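Here the structure is laid out as structure tokens; the discussion comes afterwards.
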2 protein chains.
Amino acid sequence: MQLTILGCHSATPRISAHQTSQVLEIKNNVFLIDCGEGTQVQLRKYKVKFNRIKHIFISHLHGDHYFGLVGLVSTFRLLTRETDLHIYGPKGLEEVITLQMKLGGSWTNFNLIFHELSSKESELIYEDDAVEVHTIPLIHRVYTNGFLFKEKEGERKLDMNAILNDNIDVAYYRKLKQGADVINEDGELIKNETVTNAPNKPKSYAFCSDTVYTESIVPIIKDVDLLYHESTFLEKHEHNAFPTKHCTAKQAASIAKLANAKQLVLGHFSTRYDDLNEFITEAQEVYEPVDIAAAGKVFTV
Amino acid sequence: MQLTILGCHSATPRISAHQTSQVLEIKNNVFLIDCGEGTQVQLRKYKVKFNRIKHIFISHLHGDHYFGLVGLVSTFRLLTRETDLHIYGPKGLEEVITLQMKLGGSWTNFNLIFHELSSKESELIYEDDAVEVHTIPLIHRVYTNGFLFKEKEGERKLDMNAILNDNIDVAYYRKLKQGADVINEDGELIKNETVTNAPNKPKSYAFCSDTVYTESIVPIIKDVDLLYHESTFLEKHEHNAFPTKHCTAKQAASIAKLANAKQLVLGHFSTRYDDLNEFITEAQEVYEPVDIAAAGKVFTV
């Protein structure tokens, strides 16, 4: 599982401060999460293949999280894309995008499928053989969701030495991977756990931006491997955090600690800060390990 | 009069191919013309003061000409702008922008005043003491206007040697600037043209993008000082120009020649071309002087 940060600054884009957008590669899926203005150029910069993106998740309808979406959809069209594109985001997103496509006389050759969200409870919004995506209801100035990406439990791993020793026919390998006991060539019952090993532990990633400090998300993201949590401010500006429904680095670290996250990545920095290392220092007082997001940075789990 | 190119490529934005946007400084006005995705970052890069922009002109509702507008308006809001902002563009633009502001719960503290255009005839859309702006109806796949920016005739210039010689009281200087004859201290009638000189010739700039080749614009832009005309293609791809309602460099040069433009700037290049100097070579076979647009390039008249 690999997360690439395309942008992680809040509010207004600047020459070297790109707005929220990330690419998550997980079990052959390439998910785009949020899409601030200029995201398509960042995708090119970091060499993400456009046609591998089939699902886009939008947290909320503040511009710094989705004003780049309509341009990306238009570019997909100009690149003569034919693959379906699924977009998950708050109610209203379909109207915004289709209105602009209509006014430009720009209908797509591919299916543009909107999955509009309005529930205040966590819900399963995407599932395939290997991955699930759940919403994480956040508390912000407008309706907002984070997203929890979870690998499913994989198949058991064959212990080839034990299998050959036990004289098991190749026809049973699939059953073994699925956890079943089998009969070997000599008619003996072979217990599954004696010839297979447990699958790799499924990985998970939680994206939580934007939100005020809320412990309501802790049960949803419990034991997550990688947690991206917004920290727009440092504690010295905590008086700005609550009114604007944002968090400080310390608050983000508190959530990571409560949720027993394996790793915390901070992001959504206000452009007022020049030295982002202060975010690490502040968070580390509560929780380790912690890192800060930066455009182009890759986190591998 | 000074024109700064922020971007001049068509279709999809790339790391070093910015979409259409320009800033025209004319008689204390700073006009923004078109606003492709990423324009606000280009404005910062070329140090255009955001609060000097009071009028934005949008040619048409294809994304490469206006997808950066909503982000710019949002940024004006975050910068706590209070000055009125006037936006001129095709019908539908107000709905697009206000829908996005509404969904983001992001109302502006400044007046956002839309002037929606739908006429197929050239019309005067802006006027102050020193400048007029007229539409230039273009022919494209959707409703499109170019814009003609014209300085008004200025006041006559005082010939101070002649004035002092003729013993004219300072109280009459204003009348002289306005072209009137006056009576001097000795009671003699002084003819205006003997003590003043003609004002500077008013300058004009015509922005023509996007359009198919059409001579219908020639009477509107006749004798213009600076003409920006789209040339998406070279002649070798002329077969692509007409179906997509675009021009070649040669066609742009033909318009410049017919209109007796003093200078031609080519732009709106397809990203398929690596060597843009070919556009100059091709255009020069028909018309000189010609130059090509580039992000950051400044043209002064």
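Glycine is treated like the rest: Cβ placed from N, Cα and C.
Pulled from TrEMBL, these are the features on record:
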type	residues	note
BINDING	A:His60, A:His62, A:His140, A:Asp210	Zn(2+) 1 binding site
BINDING	A:Asp64, A:His65, A:Asp210, A:His268	Zn(2+) 2 binding site
ACT_SITE	A:Asp64	active site, proton acceptor
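Its Cβ placed at the centre, A:Asp210 (Zn(2+) 1 binding site) has 26 other Cβ atoms within 10 Å. All chains included, 28 other C-beta atoms sit within 10 angstroms of the C-beta of A:His65 (Zn(2+) 2 binding site).
In sequence order, the binding-site residues near chain B (CB to CB under 8 A) are A:His62, out of A:His62, A:His65, A:His140, A:Asp210, A:His268. Reduced to three states, the DSSP call for A:His62 (Zn(2+) 1 binding site) is coil. Cα separation, A:His140 (Zn(2+) 1 binding site) to A:His65 (Zn(2+) 2 binding site), rounded: 13 Å. Sequence-ordered, the extra residues of this chain that approach the Zn(2+) 1 site, with Cβ no more than 8 Å from the Cβ center of A:His60, A:His62, A:His140, A:Asp210, are A:Ser59, A:Leu61, A:His65, A:Leu138, A:Arg141, A:Val142, A:Thr144, A:Ser209, A:Thr211, A:Lys245. Non-local contacts of A:His268 (Zn(2+) 2 binding site) by the CB criterion (under 8 A, 6+ apart in sequence, same chain) comprise A:Cys8, A:His9, A:Ser10, A:Thr20, A:Ser209, A:Asp210, A:Glu230, A:Ser231, A:Thr232, A:His246. Within the same chain, residues at least six positions away from A:His62 (Zn(2+) 1 binding site) with a Cβ under 8 Å of its Cβ are A:Arg141, A:Val142, A:Asp210.
When the binding-site residues A:His60, A:His140 are compared by the number of other C-beta atoms lying within 10 angstroms of their own C-beta, A:His140 comes out lowest. Counting only same-chain residues at least 6 apart in sequence, those with a Cβ under 8 Å from the Cβ of A:Asp64 (Zn(2+) 2 binding site) are A:His9, A:Ser10, A:Ala11, A:Thr12, A:Pro13, A:Gln19, A:Thr20, A:Gly36, A:Glu37. Sitting within 8 Å of the Cβ centre of A:Asp64, A:His65, A:Asp210, A:His268, and not among those site residues for Zn(2+) 2, are the Cβ atoms of A:Ser10, A:Gln19, A:Thr20, A:Asp34, A:Gly36, A:Ser59, A:His60, A:His62, A:Ser209, A:Glu230.
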